[in-house]
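Here the structure is laid out as structure tokens; the discussion comes afterwards.
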Amino acid sequence: MESQSNDGEDGVKHSAIVASHYNKIEELGLAARKKSNIYFMRNFNNWIKSCVIEKYAALVKGRTPLGSPFRVLDMCCGKGGDLIKWSNSNVTHLICTDIAQVSLEQCESRFNKMYHQRKPKVEYFAADATLQQLRTKYHDPSLKLHLVSCQFAFHYSFESFKQADCMMKNAAECLDEGFYFIGTIPDANELMKRQRRAMSDTFGNDIYRIQFLCDTDNPPLFGAKYNFQLDEVVDCPEFLVHFPTLEKLALKHGLRLVEKKRFDEVFDEHRSRKQGLLETMQALETYPPSPYGRGNADDQSKKPEQYKHAEEYGRQMSTQHQFRVGTLSEQEWEAATLYLFFAFQKMKTSYDSNGRPVYS
Ligand SMILES: C[S@@+](CC[C@H](N)C(=O)[O-])C[C@H]1O[C@@H](n2cnc3c(N)ncnc32)[C@H](O)[C@@H]1O
């Protein structure tokens, strides 16, 4: 794999830029979050994570006797956006790690304020998952994990082969046989498709903007850099993840792909069963706005042409009554559907006569 790639080793290491960026993002209160242009999209992304975490937590429980420990690594946990999900999944031992120390402190304080029926054991530490071996930082480095989750972050490792390899090793090496590594990343195919359609290395809409900083005719497997701007949340260098390369790297560490879905496909899979959660999480926007909406002056301040699809749906319903649907503005949907979900399963590991691992 190494030989066919531009390793991306020559460039500056971007981890410090990324850490400083995330450390600087302020923790906004609910009122400020509600005013955000991407309020519903963020809730939608959270809903997607809830669905996949619940699904894989159930698979873990299906493979372990009742009452067994449930140990999770939240790699690149940020401010702890998934803490409630872990608590709802009855995780008994949670390891939270991120490169951004300030985010990690916010994560810890958020956890301490949470109500828990049964409080899991939690470890926090700051580390660069693309450069450091996380296992050596666990209270017990021989720990066996049931689930490793890396949400919206694995793509930072694709700066170079070495970094991606290190992050994959961190995801794989403590997973017990038969258990899972799950994550979400931008879909490189979708990014390239949009770049081709735009016939420009810079494209996007009012919510997100991507600027390619690599050769888009022949992007390298590692170090295919672009700048990603998402409203007020992210403005960072990121790297394309060539999915077949991710799969190969995973296999090298004993992980086989069990699921890969774009966010629109994840939505289709869970939308009817998790309808209630869609509503409680406000993962979709009510159109036309409900008089009991999210209660801020900006309600549907976005332009009406952002809701043409909802209007069309209303027309097709051929009813005399005022229709109301759950939707996202076109621009938020475009940004949300840049992402995909993946799940890998740890294979059985044995060792050959040279002591090298053999996975089956
Ligand atoms: C978009 S945020 C996602 C946070 C969290 N996983 C979530 O879904 O809410 C990306 C996170 O990845 C972290 N990150 C980026 N590069 C990293 C690295 N090399 N090692 C550890 N964490 C990293 C950032 O600090 C940031 O907290």
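Cβ atoms are placed via backbone N, Cα and C, with glycine included.
Because TrEMBL annotations are produced automatically, they should be read as predictions rather than curated entries.
Of the listed candidates (Lys49, Lys55, Lys193), TrEMBL assigns Lys49 to the same S-adenosyl-L-methionine site as Cys76, Asp98, Asp128, Gln151, Tyr156.
Spatially, by CA atoms, the recorded positions Lys79, Lys85, Gln151, Glu238 include one closest to Arg110 (site 'mRNA cap binding'), and that is Lys79. Across the structure, Cys76 (S-adenosyl-L-methionine binding site) and His155 (site 'mRNA cap binding') are spaced 11 Å apart at their Cα atoms. Among the recorded positions listed here, namely Gln151, Tyr156, Glu238, Tyr339, Gln151 has its C-alpha nearest to that of Asn46 (mRNA binding site). Between the alpha carbons (Cα) of Lys79 (site 'mRNA cap binding') and Gln151 (S-adenosyl-L-methionine binding site) lies a span of roughly 12 Å. Taking Lys79, Gln151, His155 as the candidate recorded positions, the subset whose CB lies under 6 angstroms from any atom of ligand 1 consists of Gln151.
Using a 10 angstroms CA-CA radius around His155 (site 'mRNA cap binding'), none of the recorded positions in Asn45, Lys49, Asp98, Asp128, Tyr339 qualify.
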